[in-house]
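*Asks:* Submitted below is the structure of interest, expressed as C-alpha cells.
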Amino acid sequence: MASASSVSLMLLVAAAMASAASAQLSATFYDTSCPNALSTIKSAVTAAVNSEPRMGASLVRLHFHDCFVQGCDASVLLSGQEQNAGPNAGSLRGFNVVDNIKTQVEAICSQTVSCADILAVAARDSVVALGGPSWTVLLGRRDSTTANESQANTDLPAPSSSLAELIGNFSRKGLDVTDMVALSGAHTIGQAQCQNFRDRLYNETNIDSSFATALKANCPRPTGSGDSNLAPLDTTTPNAFDSAYYTNLLSNKGLLHSDQVLFNGGSTDNTVRNFSSNTAAFNSAFTVAMVKMGNISPLTGTQGQIRLNCSKVN
C-alpha cells in the first residue's frame, strides 16, 4: 500500500499536470494558423440561434456534457457511446449545427481547429446571441479518440439530484458551489422533457400551485404518456439569457427538482437571492465558471487529434 506521503505526491503531480494542460490553452491559439476561425463560428452560431432560439441552449448543453465526461475533448460528439448514456439519449441536440460549423472551418483551415474548441466557442457565442455576457474562450484543446458512456451515466448531474449531490458532482470537476449555482443559471434558456419534471409536478410540495397546474396540462401523470413533451426551464423569458431563472426559484417555480433545490432552505439560498437581484453578479460568476469548466482536463500539444469529422475519429 502506498504511504500517505507518496499518495500526496501523486495527487500534487496530477494537479500540476492538469494545471499545466490548462496553461497551454491560449486565447490567441488560432491567430496565425486560422485567423478567421472565431468569426466563422460566430456567424454560424448566430444564424442557427436566430433560426431557432432553443438551439442556443442545446449548444451550451453540448459543451457542458462534453466537459463533465473525461474533460473538454469533444468525446460527446463521437457517434454512439456517450450519446447513448441516460442523461444524453434522446435529448442531446445540435450535432447538425456543429457539423455545419466544422465543414465551414475545414474549408478555410484544414485539420487545424478542433471540435472541442468549436464546442467551447459555440457555447459562448450562443449565450451572447441570446443577450447574455461574453467571455474570452481559451483555445488549443484537441479531440479525443475515445468516449466513455459509463462515465457519462455517473458524472453528469441528474434532474433529480439533491443539493448535496450537485455540490459533489461539481466539486469533483474542480468547480465550487458558486460555480455550480452560476452554471445552473444556463437554465434561463432551453427546455426540458416531461419525464424529467413529472415527479416534481405531482409529488413535491415546494412548487407554486398555479405553475404546476399549468404544466400538468402538457405532462400527464402516467409514466410513458407525453414523456418527451417540452416545457421551458424559464417560463418568464425562455429565449433570453438573463437572471429570471433565479427569480423564478424564489417563487418556487423551478422546473426541475435540481433547479428548486438551489433555493429550498439550504446553503445556496443567499447566492440565488443575490443572482436574482443582481444580474451583473450573475453574469460575472457565470463567465468565470464557464472558463473554469472549459479548462477541465483538456487534451493539448500532441495528445488526441484534430478530427476531420466531429462524429468519428480520423
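Glycine is no exception: its Cβ is also placed from the backbone N, Cα and C atoms.
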*Asks:* Which one, CYS34, CYS72, is listed by Swiss-Prot as the other cysteine in the disulfide with CYS67?
*Replies:* CYS72
*Asks:* Given that Swiss-Prot lists ASP234, THR237, ASP242 as binding Ca(2+) 2, which residue among THR188, THR205, THR271, THR287 does it place in the same site?
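*Replies:* It is THR188, as the record lists it for that site.
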*Asks:* Swiss-Prot annotation: CYS310 disulfide-bonded to which of CYS109, CYS115, CYS194?
*Replies:* CYS115
*Asks:* Which of the listed positions, ASN203, ASN295, does Swiss-Prot note as N-linked glycosylation site?
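*Replies:* Going through ASN203, ASN295 one by one, Swiss-Prot annotates ASN203 as N-linked glycosylation site.
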*Asks:* Round to a whole number and give the Cα-to-Cα distance in Å for the pair ASN309 (N-linked glycosylation site) and CYS115 (disulfide bond).
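*Replies:* Computed Cα spacing between ASN309 (N-linked glycosylation site) and CYS115 (disulfide bond) is 8 Å.
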*Asks:* What is the separation, in Å, between the Cα atoms of CYS115 (disulfide bond) and ASP73 (Ca(2+) 1 binding site)?
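*Replies:* On Cα coordinates alone, these residues lie 8 Å apart.
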*Asks:* Nearest of the binding-site residues to ASN203 (N-linked glycosylation site) by CA-CA distance, picking from ASP66, GLY71, ASP73, SER75?
*Replies:* ASP66
*Asks:* State the Cα to Cα distance, in Å, between ASN169 (N-linked glycosylation site) and PRO157 (substrate binding site), rounded to an integer.
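*Replies:* Rounded to a whole number, the Cα-Cα distance is 6 Å.
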